[in-house]
Amino acid sequence: MSLNHRTHLLVGNIFLILTLGFCLLIGKLVTVLPSMVPVLLVFALFVFFLSIANTDLAMTLLIFAMLLSPELSLGAISKQRAVVIRVEDLLIVVFSLAWLAKTTTHGKIGFITKTPINRWIGFYISIFVLSTIMGMTSERLKAMTGIFYILKYLEYFFIYYLVCGLLKNKMQVKFYLKAFIITFAIVNIYAFLQIGSADRVSAPFEGEIGEPNTLGGYQILLLGIIIGILTHVKSLKWRLPLVGLTFFSLVPFAFTLSRASYMSILPMYFTLIFFNKFKTRNILIGFFIIFVILSFFFFPKNIKERIAYTFVAQEQETIKPVEIGGVTLGSSASARIQDWVRLFHKWKKRPFFGYGITGAGFVDSQFIRTLVELGLVGFSAFIGLLIVIFRRVLWIYRNTQDDWYKGIALGFLAGHVGMIFHATTANTFILIRIMEPYWFLAAIVMMIPKLEAMQKKEDEVVAVEKVKEVSVPTQSVVPRNVDIISGRRVNGN
């Protein structure tokens, strides 16, 4: 069986799973939200044709929907979990089907674009699907729960391959980045308006409680991209608005009171400094020094208390303070570490393939969760994927010649490092409002070498055409009634 045939077979199987999942969602909508079904179906049909007619506009709609779309609850699938979908979930399904229809119409069957991280993505997908199926067959997990969470995980990679297949030129990259920046500005304005009326700010449509930790992670990812662009792009048309947006966004970021986000913004920023080989590196260092000095005088009291709370021992009936290196941790941090120890003992019972997705229960750490749910094999696949992304993005940054591409690559590299640190105390790599933008931006960065090669080829073709135009001799015009050989005027008769 050829590799191409196997790829097409894999695409077919994935789309079969996606279609079945979509049918389940629609079926559930019919019974739970009958009044919404016609609206959703009409909307899906509109987006389908929009995707075929104007792909860039449709993808922009997806970018806005990632942070600005409401969620719909379809009811519980277990005692502790409910099925919740967002508008972008439906958009991704519709975009994927439209893209497949469009490529098939043009005689290009295939969905998976060749990228440097494909093998590790495939390895990771294989393990989490296998582990979850094993959990369902042994009745450790409910089948419906496992299916929906597999679809949720697959959704991120659908975004990645969808964007990889759509990108053709630098103009698209700028167009998508504008949409990301506008969305980022809207989210920060919304969060800023919550200051004073809410204990902790969060993104739109997060419910009554909100998810400040998710907002903080999203802000770190986009701040990395924005600062990366600022340090490489010389256009004032871009620099001035982005500088203002960067400083403005730090205010709602501070009021998320997310310690995971506070902890991860420093590695993100240091990555921008360490790998940046331009003169703007000194500017970043200068801003950091100024920020540290000002923070001693102008940091709000509640933010200082939130940070200090991590190291304030408050013994409770069920939580004993944990001491590490002579430092006694607070009740929240102590409870988290005690949970990690408990889960580590649980992992030892199934060390290789784990318990399957959701098998670990609730845990605030992506790495601990992955180890318990997917075992040592799945954990290795996950770590391997993170490492290969880091190495490839760094290679792209060092080898690309375009300032825009350099800025995007460095920014994503910094955001990637920030996400890794954020994931130590949060489930960052499965949070939909962080991972959808993350994999969209990852696709842009991974396609940079291909986009540069395509642009170079186009420039060479244009250069050859110009040379041909210059080298073609112009035909001399001979006056009438002049003999060509002698050059003498002759009688017209």
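Numbering starts at 1 and runs along the chain as it is shown here.
The backbone N, Cα and C atoms fix where each Cβ goes, glycine too.
Values in this document were obtained by computation on a predicted structure and should not be read as measured data.
Listed in TrEMBL:
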- 246-383: domain 'O-antigen ligase-related' (DOMAIN)
- 7-27: transmembrane segment (TRANSMEM)
- 33-50: transmembrane segment (TRANSMEM)
- 83-101: transmembrane segment (TRANSMEM)
- 121-137: transmembrane segment (TRANSMEM)
- 143-163: transmembrane segment (TRANSMEM)
- 175-195: transmembrane segment (TRANSMEM)
- 215-233: transmembrane segment (TRANSMEM)
- 240-262: transmembrane segment (TRANSMEM)
- 282-299: transmembrane segment (TRANSMEM)
- 352-368: transmembrane segment (TRANSMEM)
- 374-395: transmembrane segment (TRANSMEM)
- 407-424: transmembrane segment (TRANSMEM)
Counts of helix, strand and coil residues, the domain 'O-antigen ligase-related' (246-383), according to DSSP: 91 helix, 4 strand, 43 coil
Tertiary contacts of the transmembrane segment (240-262) (same chain, 6+ residues out, Cβ under 8 Å): 181, 184-185, 188, 191-192, 194-195, 199-202, 212-213, 215-217, 219-220, 222-223, 226-227, 229-230, 299-300, 302-303, 306-307, 310, 422, 424-426
Model confidence over the domain 'O-antigen ligase-related' (246-383), averaged pLDDT: 84
Selection from 143-163, 215-233, 282-299, 352-368, 407-424, the stretch that has most Cβ pairs under 8 A to the transmembrane segment (175-195): 215-233
Proximity verdict for the transmembrane segment (143-163) and the transmembrane segment (352-368), three or more C-beta pairs under 8 Å: yes
Ranked first among 215-233, 282-299, 374-395, 407-424 for CB pairs under 8 angstroms with the transmembrane segment (352-368): 374-395
Proximity verdict for the transmembrane segment (374-395) and the transmembrane segment (282-299), three or more C-beta pairs under 8 Å: no
